[in-house]
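Record features (TrEMBL):
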{"type": "DOMAIN", "residues": "28-193", "note": "domain 'K+ potassium transporter integral membrane'"}
{"type": "DOMAIN", "residues": "196-431", "note": "domain 'K+ potassium transporter integral membrane'"}
{"type": "DOMAIN", "residues": "443-694", "note": "domain 'K+ potassium transporter C-terminal'"}
{"type": "TRANSMEM", "residues": "65-87", "note": "transmembrane segment"}
{"type": "TRANSMEM", "residues": "155-177", "note": "transmembrane segment"}
{"type": "TRANSMEM", "residues": "214-234", "note": "transmembrane segment"}
{"type": "TRANSMEM", "residues": "254-281", "note": "transmembrane segment"}
{"type": "TRANSMEM", "residues": "302-324", "note": "transmembrane segment"}
{"type": "TRANSMEM", "residues": "336-357", "note": "transmembrane segment"}
{"type": "TRANSMEM", "residues": "364-386", "note": "transmembrane segment"}
{"type": "TRANSMEM", "residues": "392-409", "note": "transmembrane segment"}
Amino acid sequence: MAAVDAEYGRLFLHGNQENIPLKAIILLAYQSFGVVYGDLSTSPLYVYRSTFAGRLRLHESDDEILGILSFIFYTLTIIPLIKYVFIVLNASDNGEGGTFALYSLLCRHGKLSLLSNQQDDDQNLSTYKVVTPKQTQLGLRVMNLFEKHPHLRKGLLIVVLLGTCMVIADGVFTPAISVLSAVTGIKVAAPDLPEGTEAMFADLGHFNQVSIKIAFTTAVYPALLLGYFGQAAYLSKNRNDVSESFYKSIPTPVFWPVFLIATLAAIVGSQAVISATFSIVKQCVSLYCFPRVKVIHTSREIHGQIYIPEINWILFLLCLAITVGFRDTTTIGNAYGLAVMSVMLVTTCLMALVILLVWGRSIFIALGFLIFFGSIELMYISASIMKVPQGGWVPLVISFVFLIIMYIWNYGTSKKYQYDFENKVAMHTLMNIGQTMGGVRVPGIGLYYTELVTGVPPILAHLFTNLPALHEFLVLVSIKHVPVPYIPLQERYLVGRIGSKDLRLYRCVVRYGYKDIHKDDDGFEDKLIEKLGAFIVAEDDVESETCSSDERDDGMMQASGMYRSSSLVHAVDNELTVKERFGRKKQPLAKSELSCNEPTPQVNGKKRVRFQSPDFKQPDPAILRELELLREHKERGVVYILGHSYVEATNASSILKKFAINVVYTFLRRICRGPSVILHIPQASSIEIGVVYRV
């Protein structure tokens with residue numbers, strides 16, 4: 001059942017899902033068999049054996065067999081078919097699913113995130129897609145309750161993290177139980193040899209809703225029922241074969257082909273859950289809920305296929321330990337069931353909030369969904385809790401460890417951001433420091449990385465106080481993750497100016513979705529400077545309409561004064577690109593034209609950038625001079641400036657907080673990947689500034 005939520009993820013994002021040809025839908029439905037339903041389809045290998053391994057025993061009558069069969073039938077019908085296929089799949093986040101997809105939907109429709117780095121301009125993203133329904137009065141009260149009370153938002157985050165941790169635990173148990181159950185068929189053929197649904201919801205990414213529904217209703221669901229009914233019929237006549245009922249019910253001529261298919265299906269299903277675990281950890285890192293890890297993009301053609309070495313080794317060691325330690329599928333099944341049902345219950349709780357707050361439905365519909373499905377899942381969980389001493393304690397321990405890591409990392413990151421936000425420096429204060437210390441400007445372009453999206457970070461004032469020198473062009477670069485799965489490249493950059501033009505101080509906010517990968521931005525430095533040059537050209541044309549001089553706060557343009565790269569410039573033949581403008585050869589800037597609506601032509605495979613000019617005149621000489629300076633200082637060199645922070649709890653903090661910050665969070669920061677590695681910053685061009693945060 002784990003295949004129903006950990007894999008509900010990437011729901012055929014690229015392209016219009018409503019106009020997909022029928023042939024493509026059928027092909028997607030066929031491809032989904034292995035990826036989405038891998039571990040769900042292998043469940044007949046071990047369900048009957050695990051069911052009758054405890055106190056329940058087969059007797060002379062068929063009552064036990066029929067009872068278990070009816071239980072399986074109604075479970076497959078109610079949870080995977082009705083709950084997931086017909087209800088939960090409709091709550092996808094731009095084609096993405098899973099626990100974090102539901103959480104991001106809630107965060108976009110209300111201020112439920114613990115970090116205050118969201119901007120109004122984020123709502124203009126094409127993937128943001130906030131459709132505000134006519135909410136009920138009670139729904140508005142519930143939303144206001146979450147927004148006013150941080151403890152409720154923390155509680156919601158803990159529930160989300162708990163579900164995520166259980167999915168990671170599922171990634172440990174699925175390979176063990178699936179593969180072990182598949183290879184037990186060897187004992188049937190050679191008895192003398194010695195003894196060795198949630199994911200569907202999280203791995204939808206390669207498919208669309210229609211293909212998933214077609215695959216499950218027309219193939220997977222009927223096949224599962226036939227498999228379970230066939231085993232039940234066989235057991236009614238062969239009660240002693242319950243431990244190997246699946247393989248012993250297979251006719252001898254087709255035994256080895258079925259054994260081979262079952263083994264391969266178990267491997268595919270296990271790999272699907274492991275891949276889903278990589279994807280979930282990547283989402284956690286993007287949403288500041290997991291330490292930074294190395295993410296490798298494994299496919300040039302398919303976006304989102306990733307590999308995380310650290311997580312792979314952790315899963316390998318845990319899976320090996322469980323397989324060697326438990327040895328039999330019955331004990332592993334006890335642990336596996338608790339992990340899977342916990343994730344399902346978390347999904348039910350989040351889905352009830354989505355029905356109320358996102359869809360704007362009645363509280364009675366939301367409560368009905370929660371009570372109906374939640375009661376069934378609680379019944380399963382209560383049965384699994386009884387088996388905690390027989391192996392059910394393992395997923396609890398694994399989930400608890402991951403939950404502590406995730407929550408403390410999120411807590412420490414939030415406190416660090418809060419410190420920066422509360423102690424940000426006004427621009428005039430920074431300039432006063434420079435005048436007092438005799439500050440100078442040095443050649444080159446400085447890219448200073450900060451998590452703040454407004455104001456000047458205190459660490460920059462710390463640097464300027466001790467080293468009163470700034471680069472001729474200084475850009476505050478903020479890498480920000482928005483609660484959407486993907487952000488198109490043309491909408492990724494926001495560029496603005498801080499202070500007066502003669503300071504040449506800018507801010508660039510680079511936005512990513514929680515499924516985006518930083519390595520997708522090849523040539524990040526050139527792209528950023530290209531957007532900066534485009535901003536300089538377009539600034540005068542739109543500044544009078546968006547932000548007058550008396551509307552500035554310490555020289556920083558308001559949100560309406562920030563410019564999306566997609567609205568700045570377009571391309572045309574025979575005109576100078578910004579990238580070429582910053583090249584080695586100096587050339588006069590060609591006269592530009594105003595054309596904001598025509599498509600983007602290409603010349604020799606390169607996009608040609610046109611600077612907008614409303615009166616078709618030559619650009620202002622001051623603009624040309626600033627562009628020329630930008631080109632010259634790019635040739636002088638680009639320096640990356642990063643903060644290397646140490647976070648400590650204040651002396652007045654509680655013992656628990658000191659342990660969380662000074663011990664656990666500090667340890668995690670030391671062993672995790674540094675920001676220069678994650679952001680692919682060349683080591684020879686980087687400078688790290690050490691500073692201590694007392695939170």
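From the backbone N, Cα and C atoms, a Cβ is placed for every residue, glycine too.
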Query - Reported mean pLDDT - the domain 'K+ potassium transporter C-terminal' (443-694) - result: 69
Query raised in the report: Same-chain Cβ contacts of the transmembrane segment (392-409) under 8 Å, 6 or more residues past its ends?
Result: 157-158, 161-162, 164-166, 168-169, 172-173, 284, 288-291, 318, 322, 334-339, 342, 384-385, 660, 664-665, 668
Report task. Tally Cβ pairs under 8 Å between the transmembrane segment (65-87) and each listed stretch (254-281, 302-324, 364-386), then give the stretch with the top tally. Result -> 364-386
